[in-house]
Ligand SMILES: NC(=O)c1ccc[n+]([C@@H]2O[C@H](COP(=O)([O-])OP(=O)(O)OC[C@H]3O[C@@H](n4cnc5c(N)ncnc54)[C@H](O)[C@@H]3O)[C@@H](O)[C@H]2O)c1
Ligand SMILES: N[C@@H](CCO)C(=O)O
Ligand code: NA
């Protein structure tokens, strides 16, 4: 089937959770891959940090090297797969590979979100392919559909759950009533959360993915620094229970949306309450799901495993096949598209809704004073109810849509009211069509 075509030679950088599964699949599926590509794939070498380490997959020791730079610049390498992660040395290695015309496949969201401009420019200047499906939502085909299948449509909004670890934690808190700390420990015991869980629980991982998604969806350059980011560490069991009581569930969402006038985009990652009837509410455990809303396509939903060695390697393998086919056809995949050049507007200009719980004194006139603060900022209240009485009273308010800046100024003023003992919780509400 491959007509004796010479093999395409693959250099793998990094052999951890994802890399070891890439090695396994390249071996196990060699015949099918060759048939699909029209030429066999051959592993030219695997760059690792330490030679002697025990690995999940058996690798011919002769393929291992600690000289990643030497490997990517070898003449007999056609395709470089970067699954080391982080900014350096990943960036220098990718640039070195591209400068020699090699095709690059990477899963590195951190690098693409921080300095995608440099990597994409190098791909363009050297006529090299750059594929990165695994960088966002692991196995779920999402970037290729956005870059290619939807290239003829006009995307309004991308909204989703793009971090499995935090979804697992929030799901446990919701289903068992666990505290954040207990749910995090469970996620760590199961291998979802890393020993240092900061990138996940503080929303950095999701923010990098949001930047990549927004850039592709809106044909603009978006970096991690442009993304408004809030993590889930402050969410309490009480927040989760009270959301549940009102028919909501708390999820960490990534939201990339055009402004109402279409002149700018908002890109944000933060926890939000969504109705339990919303399709994203049913995304349990460590799964990911992303909605794309486009002018002609309408609403599309992408769902599946956003992390894990084998699922992520599936996306990497798909990219390897794509770049291999391109090499054989002497063509290239699509370049980065940033022609629309939309700017990211500040979070304060984003239109959101708030759910607010206030510990208040239960006496006449309190509600009127609270309502006055909202009206001063032109924020309209949708519902208000009181829970408890006397010294234990709580006012729970849900607003209509307003500027996030007006909503957060309202909260600041409420904090200063002497009748408000504490602002017990503030959470944005998403996913219902309330104006
Ligand atoms: N694990 C997942 O579920 C997942 C999902 C999507 C994307 N990703 C991305 O895939 C990439 C790899 O993630 P991972 O989970 O496999 O990480 P990992 O830490 O398990 O593997 C990275 C490997 O790279 C090696 N390494 C570090 N510096 C090196 C160097 N200079 N030369 C050679 N090897 C070096 C490390 O020793 C390690 O084995 C990251 O960019 C990550 O964001 C991972
Ligand atoms: N740590 C990420 C997986 C890698 O993108 C997650 O929990 O979804
Ligand atoms: Na993906």
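Heads up, the Cβ atoms here are built off N, Cα and C, so glycines get one too.
Annotation comment: TrEMBL describes 209 as active site, proton donor. Shown in sequence order, 109, 113, 135, 136, 137, 162, 163, 254 are the residues of the chain, 6+ apart in sequence, with a C-beta less than 8 angstroms from the C-beta of residue 209 (active site, proton donor).
Taken from TrEMBL, the feature NADP(+) binding site applies to 13, 14, 15, 16, 17, 18, 19, 20. Residue 20 (NADP(+) binding site) counts 22 other C-beta atoms within 10 Å of its own C-beta, drawing on all protein chains shown.
Look at TrEMBL and you will find 109 tagged as NADPH binding site.
Marked as L-homoserine binding site by TrEMBL: 194. Annotation note: residue 194 (L-homoserine binding site) sits in a coil segment as assigned by DSSP. Sequence-distant contacts of residue 194 (L-homoserine binding site), defined by Cβ-Cβ distance under 8 angstroms and a gap of at least six in the same chain, are 188, 200.
Break the domain 'ACT' (355-428) down by DSSP state and the numbers are 27 helix, 30 strand, 17 coil. Residues or ranges marked as domain 'ACT' in TrEMBL: 355-428.
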- Which one, from the binding-site residues 16, 19, has the smallest tally of other C-beta atoms lying within 10 Å of its C-beta? 16
- In sequence order, which same-chain residues at least six apart have a C-beta under 8 angstroms from residue 18 (NADP(+) binding site)? 83, 107, 134, 309, 312, 313, 316
- Write out the long-range same-chain contacts of residue 14 (NADP(+) binding site), meaning residues 6 or more apart in sequence whose Cβ is under 8 Å from its Cβ. 47, 48, 82, 83, 84, 85
- Task: Kindly assign residue 19 (NADP(+) binding site) to one of the three DSSP-derived states: helix, strand or coil.
- Result: helix
- Query: Taking the Cβ of residue 15 (NADP(+) binding site) as reference, which residues of that chain separated by at least 6 in sequence fall under 8 Å from it?
  - Reply: 23, 46, 47, 48, 55, 57, 59, 64, 83
